[in-house]
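Since the structure comes first, as structure tokens, the remarks are kept for the end.
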Ligand SMILES: N[C@@H](CCC[C@H](N)C(=O)O)C(=O)O
């Protein structure tokens, strides 16, 4: 019997099982990892309410990294980045290595993370770098003769919404909308087209609607590739902040308050000397519980012999988000 220790975490209630590969006696194969993710993440029949994905922590390959994060979406596909997930991995490695600033290896690069002052009492808070940012449609990919797609109609998706497309480095489609549209079914309809074999988006993409709430204050609702509706998507909130600065009234290098169905984060958009952009994403990194599974059972979708221990810290996050005003 192979024991599998997992830690359940969330960032703005975008929830994950964190799996530290360095703690495993049995090296998981890629097939086992995908199967495990598909089994435990199911919302109905998965492990203790399921999850949006698995964050796999490992030693980094690069000598300048403090560790590595891989992101497996609930459907078993691999994502190049996960902003909310990276905050929780930053916390995990910060506590493990006793080091407040880290460099974490992701599929497309080394990203800086650091422990920050708490957003509110009892809420562990971390800042992560969102980069590299590319407007090139080759990096999304989006199949069209254009090089970039900024604030333009995509008639195959909608006759009225203007979309902007970016890779940060995972792919995002962003549209600024009115409140009524934000809460309508349209986001799901469009995201299902984008992720349902669209010839324009062969790898699918994350799709977000953004409502401007006031100066430096937006609300982002996201339908994630490989997951579906999520409480929050860190890279989507960062991409939305970028277009808020480029297309609306947002200010470079100033805090933007980003509300989402799972709470809030802060972002900052920076332009570097070489004219490229990077974003800071700042928010909670909350531990929910630890659980030990029997791997063979879990691969078959059976979670009857789990051992659990709970953290109490989510209560502080829940009372914090109760007090957030959305307008
Ligand atoms: N929730 C994440 C993004 C996860 C990956 C996404 N589903 C993809 O396939 O690109 C975040 O916080 O950024």
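Yeah, the Cβs are placed from backbone N, Cα and C, and that goes for glycine too.
Features reported for this protein in TrEMBL:
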type: ACT_SITE; residues: 82; note: active site, proton donor
type: ACT_SITE; residues: 82; note: active site
type: ACT_SITE; residues: 233; note: active site, proton acceptor
type: BINDING; residues: 14, 73, 83, 84, 170, 206, 224, 225, 234, 235; note: substrate binding site
If you count other Cβ atoms within 10 Å of each one's Cβ, which of the binding-site residues 14, 170 has the most?
14
For each of the active-site residues (82, 233), count the other CB atoms lying within 10 A of its CB, then report the residue with the highest count.
233
I want to verify one value. Collapsing DSSP to three states, which class is residue 83 (substrate binding site)?
helix
Assigned element (helix, strand, coil) containing residue 14 (substrate binding site), judged by DSSP:
strand
Tell me the Cβ contacts of residue 83 (substrate binding site) under 8 Å, same chain only and six or more apart in sequence, or just say none.
11, 128, 130, 233, 234, 235, 237, 238, 281
Using the CB centroid of 14, 73, 83, 84, 170, 206, 224, 225, 234, 235 as the substrate site centre, which other residues of the same chain sit with their CB within 8 A?
71, 79, 81, 82, 85, 222, 227, 230, 233, 236
Name the secondary structure element type, per DSSP in three states, that contains residue 234 (substrate binding site).
helix
Through the lens of DSSP with three states only, how would you label residue 170 (substrate binding site)?
coil
Return the count of C-beta atoms lying within 10 angstroms of the C-beta of residue 224 (substrate binding site), excluding that atom itself.
29
So how far apart do the substrate binders 14, 73, 83, 84, 170, 206, 224, 225, 234, 235 get, largest Cα to Cα in Å?
16
Cβ packing number for residue 234 (substrate binding site), 10 Å threshold:
29
